[in-house]
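Undergrad: Found this in TrEMBL, in case it helps:
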type: DOMAIN; residues: 1-104; note: domain 'C2'
type: DOMAIN; residues: 369-516; note: domain 'NACHT'
type: REPEAT; residues: 897-938; note: repeat 'WD'
type: REPEAT; residues: 939-980; note: repeat 'WD'
type: REPEAT; residues: 1025-1066; note: repeat 'WD'
type: REPEAT; residues: 1068-1109; note: repeat 'WD'
type: REPEAT; residues: 1154-1195; note: repeat 'WD'
type: REPEAT; residues: 1197-1238; note: repeat 'WD'
type: REPEAT; residues: 1240-1281; note: repeat 'WD'
type: REPEAT; residues: 1283-1324; note: repeat 'WD'
type: REPEAT; residues: 1326-1367; note: repeat 'WD'
type: REPEAT; residues: 1412-1453; note: repeat 'WD'
type: REPEAT; residues: 1455-1487; note: repeat 'WD'
type: REPEAT; residues: 1498-1539; note: repeat 'WD'
């Protein structure tokens, strides 16, 4: 029995909701045990820091689970805030004499930690009274039991530490014997030596241990018995080879045991196996022991029966997965530059101290998981890295060896590095392989995710999931980190130090680099890093001596020189000249050996005659090597060689000789001839990339101090030459379908032999130019010749460039390449700038399809780009045989929405306009690429909503403030949190901002204080700035960083000294209510403030005096204020829905208020040039205004579906970013925003009902937007205005049999009758139902109307007078969902939420027989067959049933196939078919006689199908959906006709055809009905459509279909998956996400929606094996 005490909750995050300060909670704790006992503390009211000290008596056993739930005592149901789980045994174990309280993390349902609960557990033991359980358990020797009892413990007899020590000593002695004869047992020696080293460290640990686990003792004893043979090890050498093989396997097995013991001892030997992170270790020890004994028996018999070495890595059985294809994306990241095949190892006997230390450190569990070796250039870091990697490769423990090179910018891409590591680890261990493949299988797009998500899901998650199967160490070696590209170095450094150390302890990292400042900053003085430095001169001297002697011996032997050559004095001279630099020695001896392979003695004499400075002067050595090996007096050689050396030094990746010839414009073979002379300094062989032997040679070449050398090159001219060369190569070689891809239906990965085809069609020069023209352009100064080349590339080769990137699997690099071009052209040429911006959007939208299939650049991207797209306009005429579609006008409809999971509270641009940072109520910060919308993040750490974010002016850091009372600093490059959160505020942090020099952060809080923080250390600077007696709402730095201004809801503004934290004078008083926003003027002389008192005030920053009277004009609170960049104007936004501009000098309002928003304005900002103002509003829109005139520029930027909370211009003024409570961030093009017209009006919510008119010419639809609309069934055009009158959702619509009237039912409890010709309401609404009307129908003679209702009744109405006929028909036990008349008008059928169907006599209102039972859930729709003999019903049980109307019997089994509720059913006019619509988003057609489904389900809707109907001629089906569209289908083929019909503002509830089949009507929740006969303009005006083939109806489609060539067979109905439209198994086209909700599928005829009438013309569409015909012949091979 035990006593549990619940103490208190600390650090509670109490979040009452968006824009609601709320009240403090009433808190209590419930404790649940596994016996369903519930203990409840008292309630602590109105407190976020509750304490209880309530106690409870527990009788639960140790394995019993305890659940602690923190609840808020609310007026209604109590609110569960968070909970924690543990076991009684774990609580007992965590108790100790020094720590009576156990802290439990209280987690929300989403896993976020919202606080910590403190509890204590005291136990009664053996009659001694209450004592801490830990005092008893501390005396036990604990080990795990088997199976489910792993968490309970028993005492076992321990074995003495002395016994373990003695036994291990014997094993070590035996191993030492083997090591001593290692030269004779060459294969055995490495394993014996490694095992001896590891066991030595274990032995030292065990010597100091008092007790050890019994199983460990058994394993050691087995090792000792096995090694009894070592006393006579000399005889083993003379034994037969089979016996030697046994000894080899014994030493290998011993290494596995040693590694297990090392890991085990690293976690603690004190018998606490149950707590170690290596789960199931007992079983491993048992199997290892058995394997050792088996080997012992085998050795004793002297017969090799090949006992398998049992590796501690793979004791568990793992089913081998077919993973080669799954891992293929990762394998591609394993670049040739990563592979150290040409790297040299340290010579035997050199660097032994370093290698010994490093391998021991990496083999030993420690907090320091990273070993960092630093040293100057040429000191031998890479050879040590190679030796260390080979050591662990031999032990089967090397995960991967990555080598970086300065001129391989792609190879150092952090994403690719992550992929390479994942691939290497996956190939090392089957459990890791299985886990990583599982992660890739779950998310096929994971390799394209942001880097932090990839780390979490590709490495951390999988490795954590299998860590119980892993016995370390697993080593990752990263060599030459300093050689990474600048933008990658910091990211990788952060990745290594802040991310990789989160991996399980078995994974360790060895990193080498020069002592670069940024790398040193990241690695030095960190607990997770152990630093080693190559500055030990004595050891360097010895090792270089050994190296020089070895190389000279090789040269001597190759040239048959004297055995004493070159003499001790010369050797000593070479050693002295090398100093501590291995690279000097290596380069010098490369020079001596020479490429020409003769007279090395003369070359050595030349070397020694050079007056080198002692200590390894590399510059002199490189000068000698180049001067001696090249014919620099020859002008041709000199010009070619300098160009080639420049290309080698400045290349973004190593180039082959042929690539250099092409890009530099040299004759074929020139580079090869020159490179033959440069072997002393350049590593190259024919056909292979040329690399410098060491990075120091690159430094030598680009140094500006060597102008007089013949190999000097002008760096600026060389950079221009490389950029021009890339364009020259692309202009010459890029062409349409360059790799001869045979079939547009295939993905690139499905094309047979693509790798070989790629190699034969893409030259090394073209591959290089395609990948790196952008970076080379970025390196170059602006030049008119390059401008001409760039323009020619964009207008003639752009699409072909994308094609090459696609087949090279390099599409991810396209946005970055285009960004280089955009920066290069900034302010130079408006047309090219515009084209590049458009190209960036083109790539951003269509990259997913292009990356998978190159043909779809043409098949899908060009025809589906917006009409104003510059790329489309340039190239569309080249491709006349593409699909034709009514696409949007501009990209604004296709811009990316950047999504959070909760409202966005704050957004900001980076100073370079490249990135956006956003904070959200989902507790996260996101970083977004402003060009592509790609997300990086989320940055997680806050445990409350993020209220404010800012980027430092140097772009290095992000700061965020949160409701969790903390400020966090993040690395802007990696997203990693920099140190712990900044704590000090006692309430929500509302505003954060950086100082202009990025060195400080200021934060404001609801605790009434302002705090100043040091960005570098995170330390609070001084005491909090106190003085305001209300919540601090806004803070800002002055432009010079010397002052801080804050606004508060105490109605004041305060100015603070940023250096001292002192308030400067008294608070600025004058506002009559809370100050909501403050800002400094650009010159720092003035402050502006906006207030809840509806005014704006300007203050003198020096004196604190108010300047003039308050600026009055707003009628409600001022929420946001800002100065213009020149300081002359002020803009303010207000809850009165307006924006105002003020003269900062006179305080006068400029012009009238800027009106247009229809809800509160929450944020305003000037563009950087001061010409425009952007505003965000709670009306969900962003607006752009002309700052000079106040005129609105274009229509509002629409796209957000909830309040806009924050807006800002990018620093270059080209983009606007907005954040919204709809959980998204949107990026807008400030220029294109001008062209946004009025939004298309119509249904904008769910469509609930659709029906054809009797003649099939019209469709009527009802919607959740409360309206009814009528449509022309042939063209999809909306007819007239919407029919308005209902006060709530329109649930059902129907035409009268003569087509003259429409009836509609609504959630407003009424039925309405409309004139189909005029759209006028006929009479008053029919009232009588007490609840929502769910279904309406006309009688066949049009004299009566029947309605069903949620009031459980059916009513019959006189259609002429609107009067109810008799009492309501009662009998259903729940809501009536659907009603219909029989064809002869004598009967009515109704379906109900009571799961039954009822038949009524229409004349008497009496129920005919018992209800029809069979459905397992609500009956949602009923209909009579045309002959009146059958009834069909659809149900919430996902089935359709057919009934005999005369007997009420069910006919056959229910029709099954839908995956969700069936909402609507109808018979075809001939009674042979049934159509059904379902919440599974599909329409199905059934054979009424056999009940079999006809064909596949009709797919196209992206939300629930709520209503279906046949046209009167039976040829078409109409469906309405909650995706706000109506779709028309071919009843024979199931093909959809055109685009969806769009127009309602809410859900469609009902649709019907007109009697002549030419029009339709629709009902909606938008409360309107459309005229069914007057006609109306189509939503798109063809006269303004610049596309000559644009069309607006089914008639056009039918004509184009019939005129299609015989080579274009009709497309059968298919499916839609992952953006691809399939016909059977063939990919036809890819649809961008923004078009998918209303896209007209190829098997569809027409779609009408609020986006307009959409139809798809495939009359000229070529695809599949004919796809190459899409291009005009004149452009096919255009140069």
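Just so you know, glycine gets a Cβ as well, placed from its N, Cα and C.
I'd like to know what surrounds each of these features in this structure.
TA: Per-residue pLDDT, averaged across the repeat 'WD' (897-938), gives 64.
Here the repeat 'WD' (939-980) has, by DSSP, the following mix of helix, strand and coil residues: 0 helix, 20 strand, 22 coil.
Nonlocal intrachain contacts for the repeat 'WD' (1025-1066), taken as residues 6+ away from its ends with a CB within less than 8 angstroms of a stretch CB, comprise 987, 990-997, 1000, 1002-1012, 1072-1080, 1082-1084, 1087, 1089, 1091-1093, 1097, 1099, 1101, 1104.
Non-local neighbours of the repeat 'WD' (1068-1109) in the same chain are 1030-1031, 1033-1040, 1043, 1045-1055, 1115-1123, 1125-1127, 1130, 1132, 1134, 1136, 1140, 1142, 1144, 1146-1147; each lies 6+ residues outside the stretch with a CB under 8 Å from one of its CB atoms.
Beyond the repeat 'WD' (1326-1367), the same-chain residues lying 6 or more positions past its ends with a Cβ under 8 Å from any Cβ of the stretch are 1288-1289, 1291-1298, 1300-1301, 1303-1313, 1373-1381, 1383-1385, 1388, 1390, 1392, 1400, 1402, 1405.
Sequence-distant contacts of the repeat 'WD' (1412-1453), counting only residues of its own chain at least 6 positions beyond either end whose CB sits under 8 Å from a CB of the stretch, comprise 1374, 1377-1384, 1387, 1389-1399, 1459-1467, 1469-1471, 1474, 1476, 1478, 1480, 1486, 1488, 1491.
Sorting the repeat 'WD' (1455-1487) by DSSP state (H, G, I as helix; E, B as strand; all else coil) yields 0 helix, 18 strand, 15 coil.
With helix defined as DSSP H, G or I and strand as E or B, the repeat 'WD' (1498-1539) counts 0 helix, 23 strand, 19 coil.
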Undergrad: Over the span of the domain 'NACHT' (369-516), count residues by DSSP class, listing helix, strand and coil in order.
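TA: Summed over the domain 'NACHT' (369-516), the classes give 83 helix, 24 strand, 41 coil.
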